[in-house]
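Chemist: Take a look at the following structure, please.
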Amino acid sequence: MLEGLMAEIERIVILTGAGISAESGIDTFRSAGGLWEQHRVEDVATPEGFARNPNLVLNFYDMRRAALAHAAPNAAHMALARLEREFSGELLLVTQNVDDLHERGGSASVLHMHGELKSALCTSCETRSRWEATMIDRPPCPVCRAPTLRPDVVWFGEMPYQMGRIYQALETCDLFVSIGTSGAVYPAAGFVQEARRLGARTLELNLEPSEGSRLFHETRLGPASRLVPEWVEEVLDAQGP
Ligand code: NAD
Ligand code: APR
């Protein structure tokens, strides 16, 4: 349905979710065996859960951060990095993922709307610092020295990062592409409607139909490691040399 249109595309917004990293060995949230089957969301992904049992929460994210060392970017991450390098128009890559696989796949500019595992947020001075170590031992904030670091991950009930910039890009894009997300969590789940309302074409690449599949002009089903490189090839081919 979108074939033939790719040549006219000048501004693309891409939204990725846990599905793009699934083939790299990082658990998704809602799939069978996913993170939310093994943990109660209220315990590990809310400010209230953190207040109740900080050790549980710090340990949960310490484990997830450590697991990144055993995961490598897959063909989907690398294809998006290639698109960033070779697409002649504007591209905004927004991810709900807190892993660093887009960066390690070669993408230079990634907007992490739900924060990052390798970042610490100080609840005293509110500084965000790059962070690779554990937090369970209550290390001091590199800026104010208070032992009040928390994972720089946006929890349920908190405001995602850079929403203004994202909505601005959705307003002006001519193509919105959603990759590997269940469309269960707002505000990200609403991006497709926002983009459509303002005239963009919309494409979903996912393993199975998501909650919002019917909102897209086109849905392609399959593993991201196959679908994303195929789509990137299509865009770059249409663009010509
Ligand atoms: P909510 O009202 O607590 O959260 C929604 C708000 O949380 C949004 O406005 C968003 O700004 C914010 N948010 C910030 N960071 C987030 C993050 N990292 N992940 C998710 N949301 C974040 O949640 P809700 O309205 O109860 O649920 C939203 C959707 O999430 C629902 O569609 C629900 O199906 C799904 N959900 C699923 C599970 C689960 O799988 N067990 C648990 C909770 C929510
Ligand atoms: N290729 C493409 N898609 C895949 C693959 C794959 N190899 N494997 C799984 N998927 C799809 C699943 O079918 C599912 O629709 O990826 C989607 C993953 O959905 P979720 O686990 O719900 O992850 P996500 O949409 O990123 O969750 C959104 O919820 O809990 C919060 O903050 C958390 O950022 C997260 C947000």
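Heads up, the Cβ atoms here are built off N, Cα and C, so glycines get one too.
Annotations for this protein, taken from TrEMBL, read as follows:
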- 1-239: domain 'Deacetylase sirtuin-type' (DOMAIN)
- 17-36, 96-99, 180-182, 206-208, A224: NAD(+) binding site (BINDING)
- Y61, R64: substrate binding site (BINDING)
- H114: active site, proton acceptor (ACT_SITE)
- C122, C125, C141, C144: Zn(2+) binding site (BINDING)
Chemist: For H114 (active site, proton acceptor), what residues in its own chain, 6 or more apart in sequence, show a Cβ-Cβ distance under 8 Å?
Modeler: T95, Q96, N97, V98, V153, V154, P160, Y161
Chemist: Counting every protein chain present, what is the number of Cβ atoms, excluding its own, within 10 Å of the Cβ of C141 (Zn(2+) binding site)?
Modeler: 19
Chemist: Compile a sequence-ordered list of residues in the same chain as L207 (NAD(+) binding site), six or more apart from it, whose Cβ lies below 8 A from its Cβ; state 'none' when nothing qualifies.
Modeler: G19, A22, G180, L221, G222, P223, A224
Chemist: Around the recorded Zn(2+) site, report the further residues of that chain (criterion: Cβ within 8 Å of the mean position of the Cβ atoms of C122, C125, C141, C144; site residues excluded), sequence-ordered.
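Modeler: Same chain, not in C122, C125, C141, C144, Cβ within 8 Å: T123, S124, E126, T127, P142, V143, R145, A146, T148, L149.
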Chemist: Tally every other Cβ atom lying within 10 Å of the Cβ atom of R64 (substrate binding site).
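Modeler: R64 (substrate binding site) is surrounded by 18 other Cβ atoms within 10 Å.
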Chemist: Do me a favour and check the Cα-Cα span between G33 (NAD(+) binding site) and Y61 (substrate binding site); whole Å is fine.
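Modeler: Spelling it out, the Cα of G33 (NAD(+) binding site) and the Cα of Y61 (substrate binding site) are 18 Å apart.
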Chemist: At a 10 Å cut-off from the C-beta of C122 (Zn(2+) binding site), count the other C-beta atoms across all protein chains.
Modeler: 21
Chemist: Name the secondary structure element type, per DSSP in three states, that contains C141 (Zn(2+) binding site).
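Modeler: DSSP assigns C141 (Zn(2+) binding site) to coil.
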Chemist: Note the mean pLDDT of the domain 'Deacetylase sirtuin-type' (1-239), expressed as a whole number.
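Modeler: Computed over the domain 'Deacetylase sirtuin-type' (1-239), the mean pLDDT is 95 on the 0 to 100 scale.
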Chemist: Please state whether DSSP places S21 (NAD(+) binding site) in a helix, a strand or coil.
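Modeler: Where S21 (NAD(+) binding site) sits, the three-state DSSP reduction gives helix.
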Chemist: As a check: which entries in C125, C141, G180, the binding-site residues, place their Cβ less than 6 Å from an atom of ligand 2?
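Modeler: Near ligand 2, sequence order: G180.
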Chemist: For ligand 1, which among the recorded positions G17, H114, C144 have a CB under 6 Å from it?
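Modeler: So the answer is H114.
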Chemist: Counting only other Cβ atoms and using a 10 Å cut-off, which of the binding-site residues F29, Y61 scores lowest?
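Modeler: Candidates: the binding-site residues F29, Y61. Fewest Cβ atoms within 10 Å: F29.
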Chemist: Which of the binding-site residues G17, G25, F29, Y61, R64 has its Cα closest in space to the Cα of C125 (Zn(2+) binding site)?
Modeler: Y61
